[in-house]
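Asker: This is the structure, below, for whatever I ask next.
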Amino acid sequence: MNTKILKVDLNNIDMDSLKEAGQLISEGELVAFPTETVYGLGGDALDAKAAEKIYKAKGRPSDNPLIVHISKFEELEMISKDLPIEARKLADRFWPGPLTMIVNKNDKVPYETTGGMDTVAVRMPNHPIALELIRQSGCLIAAPSANTSGRPSPTEAKHVVGDLDGKIAMVLDGGEVGIGIESTIVDLTEDEILVLRPGYITPQMLSEVIGKEVKIDPGIIAQDDTTKPKAPGMKYKHYAPKASLVLVEGEQDNVVSKINELVQEQHKQDKRVAVIATDETRNKYKADVILNIGSRNDEDSIARHLYKILRECDELEIDSIFSESFQTPRIGNAIMNRLLKAAGHQVIQA
Ligand code: AMP
Ligand code: MG
């Protein structure tokens, strides 16, 4: 299949391009598009065959459900049943935005879309191209991240093309995304409201709106196999770079000294080494490659560059990578959830 790549200017959206993309979705084809979190791989959410195509293009296990993207609240009502009051409250406050809600599905949603579950994940993205694509297609759009399963989520169109060229009908290139990590997932189907995947919207922000405590699913914090995560996708081993990745935790100065020590040890064994650093520390390291992830004064910049940096690691001929840790004040949990998985939980205390 020839994948058509169309550039779309965020500030001046070309409606003909969006109509063409919407038409493809309505015909059961797949189109990758930007959202504010990461690029999504979209297909008609209520068409079982389109959902199957998504799993096939990504090489995604079929028990890992898709998130349904909508452009108005009524579309949530259309595909759910027993919608709890919290859904309306959270939508009023956070939609459009990086929050996915798990609710009970009704018969309109095929099991292919939900990986066999009786619940469905729904989100209204805060991105003009994504919203216009949903409207133009006349569909609800099932869209997981537009990467090959096991690769880092794409934050630029070129990452999508690298993974899915020839496998999907179209890529809408709307430039670099704003947030860079996937949406927060909150489960509203149980008495206890749990965050199944940490993201830009924190449990505290959710608690404030619904007036009761929201906890993080113990299954995603546990490092053993006894407690399973509730979101099927969180159990899969995520991206690990080809080179070994080790995180170093502690006070900034200690981390810098420790990493420099570790680099020296590697150099003695003739290894090529990269360090993941920040604006504040990048000049303090002596390694073969320094990858600057962003600034500690701007934790959003760290989230935005995380996946891009992990992709870059594979393009470099290096043997090991040492990274600072980013337990930043607000979204540190979300950043570290991804980075710890990439590092296979290898952490050294400085
Ligand atoms: P992605 O679309 O690649 O960001 O992945 C979607 C995430 O949402 C995966 O971790 C899924 O397991 C999770 N998810 C989707 N639907 C449900 C659901 N009904 N219940 C629990 N988790 C879900
Ligand atoms: Mg994904």
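For all residues, glycine too, the Cβ spot is worked out from N, Cα and C.
Keep in mind the model is a prediction, meaning the values are calculated, not measured.
Pulled these from TrEMBL:
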type	residues	note
DOMAIN	15-201	domain 'YrdC-like'
BINDING	Thr37, His69, Arg123, Ala143, Ser183	L-threonine binding site
BINDING	Arg60, Asn64, Thr119, Ser145, Ser153, Arg197, Tyr239	ATP binding site
Asker: Among all the protein chains here, how many other CB atoms are within 10 A of the CB of Ser183 (L-threonine binding site)?
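Answerer: Its Cβ shell of radius 10 Å holds 25 other Cβ atoms.
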Asker: Would you kindly give the Cα-Cα distance separating Asn64 (ATP binding site) and Ala143 (L-threonine binding site), rounded to the nearest Å?
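Answerer: Here the two Cα atoms are 12 Å apart.
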Asker: Please check the binding-site residues His69, Ser153, Tyr239 against ligand 1 and give me the ones with CB under 6 A, sequence order.
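Answerer: Going through His69, Ser153, Tyr239 in sequence order, none turns out to be close to ligand 1.
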Asker: Given the binding-site residues Asn64, Thr119, Ser153, Arg197, Tyr239, which lie within 10 A of Ser183 (L-threonine binding site) by CA-CA distance?
Answerer: Arg197
Asker: Can you tell me which of these binding-site residues sit near ligand 2, meaning the Cβ is under 6 Å from at least one of its atoms: Thr37, Arg60, Asn64, His69, Ala143, Ser145?
Answerer: Ser145
Asker: Using Cα coordinates, what distance in whole Å links Ser145 (ATP binding site) and Arg123 (L-threonine binding site)?
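Answerer: If we compare the Cα positions of Ser145 (ATP binding site) and Arg123 (L-threonine binding site), the gap is 13 Å.
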Asker: Round to the nearest Å and give the CA-to-CA distance linking Arg60 (ATP binding site) with His69 (L-threonine binding site).
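Answerer: Here the two Cα atoms are 18 Å apart.
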Asker: State the Cα to Cα distance, in Å, between Ser153 (ATP binding site) and His69 (L-threonine binding site), rounded to an integer.
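Answerer: Rounded to the nearest whole number, the Cα-Cα distance is 17 Å.
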Asker: Other residues near the L-threonine site, CB within 8 A of the CB centroid of Thr37, His69, Arg123, Ala143, Ser183?
Answerer: Thr35, Gly40, Ile67, Pro98, Thr100, Pro125, Ala130, Glu182
Asker: Within 10 Å of the Cβ of Tyr239 (ATP binding site), how many other Cβ atoms can be counted across all chains shown?
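Answerer: Other Cβ atoms found within 10 Å: 19.
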Asker: Could you round the CA separation between Thr119 (ATP binding site) and Thr37 (L-threonine binding site) to a whole angstrom and send it over?
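Answerer: Thr119 (ATP binding site) to Thr37 (L-threonine binding site), Cα-Cα distance: 22 Å.
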Asker: Could you tally the C-beta atoms, other than its own, that fall within 10 angstroms of the C-beta of Thr119 (ATP binding site)?
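Answerer: For Thr119 (ATP binding site), the 10 Å Cβ neighbour count is 18.
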Asker: Find the longest CA to CA distance in the recorded L-threonine-binding set Thr37, His69, Arg123, Ala143, Ser183; express it in Å as a whole number.
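Answerer: Site span for L-threonine, by Cα atoms: 13 Å.
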